[in-house]
Amino acid sequence: MADRKLQDNGVSGQPKIAAIQDFDPPTRPKRNKYALGCAVLASMTSILLGYDIGVMSGAAIYIKDDLKVSDVQIEILVGIINLYCLFGSAAAGKTSDWIGRRYTIVFAAGIFFVGALLMGFATDYAFLMVGRFVAGIGVGYALMIAPVYTAEVSPASSRGFLTSFPEVFINGGILLGYVSNYAFSKLPTHLGWRFMLGVGAIPSVFLSLGVLAMPESPRWLVMQGRLGDAKRVLDKTSDSLKESQLRLVDIKEAAGIPEHCNDEVVQIPKRPRNEAVWRELLVHPTPSVRHILIAGIGIHFFQQASGIDAVVLYSPRIFEKAGITDDTDKLLATIAVGATKTVFILVATFLLDKIGRRPLLLSSVAGMITSLMLLGVGLTVIDHSDHKLNWAVALSIAAVLAYVSFFSIGMGPITWVYSSEIFPLKLRAQGCSMGVAVNRVTSGVISMTFISLYKAISIGGAFFLFTAVSSVAWVFFYTLLPETQGQNLEEVELLFGTFFNWRSTQRKLKNKEGGEGQVELLETLYLSTSPATLPCHKHTLLFEHHKTKTMVADRKHGVSGHPEVAALDFEAPKKPKRNKYAFGCTILASMTSILLGYDIGVMSGAAIYIKDDLKVSDVKIEILVGILNVYSLIGSAAAGRTSDWIGRRYTIIFAAGIFFVGALLMGFATDYAFLMVGRFVAGIGVGYALMIAPVYTAEVSAASSRGFLTSFPEVFINLGILLGYVSNYAFSKLPTNLGWRFMLGIGAVPSVFLALGVLAMPESPRWLVMQGRLGDAKRVLDKTSDSAEESQLRLADIKEAAGIPETCNDDVVQLPKRTRGEAVWRELLVHPTPSVRHALLAACGIHFFQQATGIDAVVLYSPRIFAKAGITNDTHKLLATIAVGFTKTCFILVATFFLDKIGRRKLLLSSVAGMILSLMLLGVGLTIIDHSEKKLIWAVALSLASVLSYVSFFSIGMGPITWVYSSEIFPLRLRAQGCSMGVAVNRVTSGVLSMTFISLYKAITIGGAFFLFTAIAAVGWVFFYTLYPETRGLNLEEVETVFGTFFHWRSTMRKLKNKKVGNGDGHVQLGSNGQS
């Protein structure tokens, strides 16, 4: 039919003349009142959480006075409900799939009713905690079920408006809680807080009665095979009969029911349950599900991590810090906060479907960042002022109100709207329960630590921290969250799966009425979806599109078969844009390196306090600081075999898990021996991390941007160092016995994010080929290459290296038996070819000189260096180390853009030359200070400038190039083991230096130590100039051909540059020479 319409050009084929009214835009349907009523009743469940948050902010004041409990016990009491609610959230998915969404709401209300009564009648702190436990389970159920039911009952045209209602009722509950505080504040202390908590049982009763007027979710009814009931609910909750039919078709398709089946009750296919659903969600997710999971968990995490519960729960304390001392006035101020939140959440409900989720979310978070910053400034000024500043008090109160306003108009409701509409039907209950779990855990952590946090870093510092978290959230939302406004829940899935490239997918979705966009969209989806899961009509479209493109290609050749040559055929190809998908994969993999960086940075400051607290000697401190590098050898040695066995991706999770355990052990250490055990475990994790990050990054990167991308592990090492320095300063105000434990223990946090981030990563294409999974490898290469042609070339190179014939294009193949274990090590060490020997010498050499030039001595012992330079105050020393970390991080970011423009070799030689000069000046400055009886300001300034100059030159070349170079020069079959050898050399050298530096500078003076590093750096420069060829722009398989001629590599490079002569002449010459 479509072909015929294209050919009908005569009179008979003329379309009938359209009337004017045919072009009138359709009128917007009125909002469905029945769906509105259902959404209101279901969303009332959320009032339970809101009331508890609001009422506890005031009740905590009276509980503390009545039960004589500490601030820490109040923190736990307030925040523990968020952890208890995890039990409810975890069980809610299964419960709602079993008894239905409707009766799960009744169940939630009943549990909270019991919990509220228990809290109201509590006689002591333990009894009160029992009530919090029961109420928490009810809150967990309520939080999961309300947005799920509302999303499933709402039509697409008003889904944003209706699914924002849970957040509306949370705010309504908060306001009721604040009013309850004020209303009962005049009662005797021992009665007031009990009435405040006990009266929370009343909303539960009305909620249970309201459920009688609600229908069951149409999606749950279809999942039970009750099509007739589902159709009746959809007819009532849709904007039109046509929309009702379309929604039913979509739900039936998602549930695996044939479209033509219209029976009242049907036997549906056996659906995956329990382990199978969780396996699809977590263990083997599709790219689409993986993207959705990251988006859903991320938005829930940042909603709470931006500090909303700290403001709502502890607003009386914040107002007290701002200068309001009377309890009644504080409670009135909290009512103003609750009223503001409620008003703006009501405004948000009308904007969600007009403006859209994404613009509203980004604007909201931007406003929150500004408000939090102003609040931090106001509270800091008040904290440091001896007398009351009215303008600062006004600024702080206005900032609190502005913050809750911006939160309520975007971040608050959109979190629930977005997370409830992006999960596929079969995974929705479990996916939403995971989001709620993250939400409540984050809320619990913040609410149970906020008092301790602001005592440690000041109240202003706490809000500056929330400002930073909100800034990260804005970037996350801008990068990864597409717009979902106006699409049905099944169409929303199409937007996910391309991660950083979702914008192009969205453009294709918008152009689908033109045909081409729809086909391109389906092609994109086809790459990340099993053909078995695609509907039949999508297969047809793809086939027709392929035929059309073939016909167009044939027509270009004319009758004779010769191509019609156009001028544009001779235009120079444009430089491809940097591949965003490969960029995202690299970022996630490189985050592994933050583990080492954090440990290096944090130990430089923690060592000061460990020495004072545990009363240990300088030798023990040296061993403690440096031994991690020796322990990491175990991880590095095992990482090659592990990554070949379970894959690069899961090796990263393994590394993060080991470091997580190690960081916790260090944080809870009671003595030096216990601390060494923690260092041992963390060291193994660091060894794994250091080996796997550059290998994965090199294998996933296109040749055009491999230098840029493989420098990222070093970027994150520097970022980790900076975070470690900041952690030192942040916790330096705590008591000595707590400060260093917090510094070390908090290092477990990055591991959690790292393990979650791996969910968004594909496996390395080279590892997939080594497993015979050519189809999976091709799909990854298509996404990570700059063009389809490059993807094919990369696949051909990898197949050749793996011993697979070029003509083999099966999805899964049986590979020839690969050498493992002893055979690989024999090829690497016992009988290496000239090419392998050259590569091994280059990799071990660059890793040795990176550490032997003294970088870890400067980074780990910078407080001691600054002390020798004349800075005696501990706080000033820690601030100076932050300057070092900041400088390193800035220059490493600059280096990432130079690597693929200037090249590895030029940047490396320039970098080492700068390091030589800086080390020499540092040695001069410290020697003069050491031999002078009075303080010489110019020598102190020279020493400080030299330290900053040294880390700058290191970070712009030697730092990142070590990892870039060593990860790209080994053949595929030897890459994992070769890189692990380089990392082993790196860690041994670092360990020797860090465990001997104090003894070294005591033996030859601090200046003499840096003169020694100057000499080593000079030898390194000669070594690099002589033996290191340029590898920029070559694919990983071509790099091998450059090695093997040692001092004559320049002639080999010239032959490689002449490859354009005679369609491969250069390749022939090069190949013969390279093998000699």
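Using the three backbone atoms N, Cα and C, a Cβ is placed for every residue, glycine included.
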Which range of 621-640, 841-860 is transmembrane segment, per TrEMBL: 621-640
Folded-back contacts onto the transmembrane segment (621-640), same chain, C-beta under 8 angstroms, at least six residues removed: 596, 599, 603, 607, 610-611, 651, 655, 658, 672, 675-676, 679-680, 682-692, 856, 860, 976-977, 979-980, 983-984, 987-988, 990-999
Ranked first among 129-149, 738-761, 936-965 for CB pairs under 8 angstroms with the transmembrane segment (34-62): 129-149
Winner by Cβ pairs under 8 Å against the transmembrane segment (129-149), considering only 105-123, 463-481, 738-761, 1003-1028: 105-123
Segment confidence, the domain 'Major facilitator superfamily (MFS) profile' (585-1032), expressed as mean pLDDT: 82
Tertiary contacts of the transmembrane segment (738-761), as residues 6+ beyond its ends and Cβ separation under 8 Å: 282, 285, 290-291, 293-294, 297, 456, 499, 584-585, 588-589, 591-592, 594-595, 598-599, 602-603, 605-606, 609-610, 613, 649-650, 652-653, 656-657, 659-660, 663-664, 666-669, 678, 682, 685, 720, 723-724, 727-728, 731-732
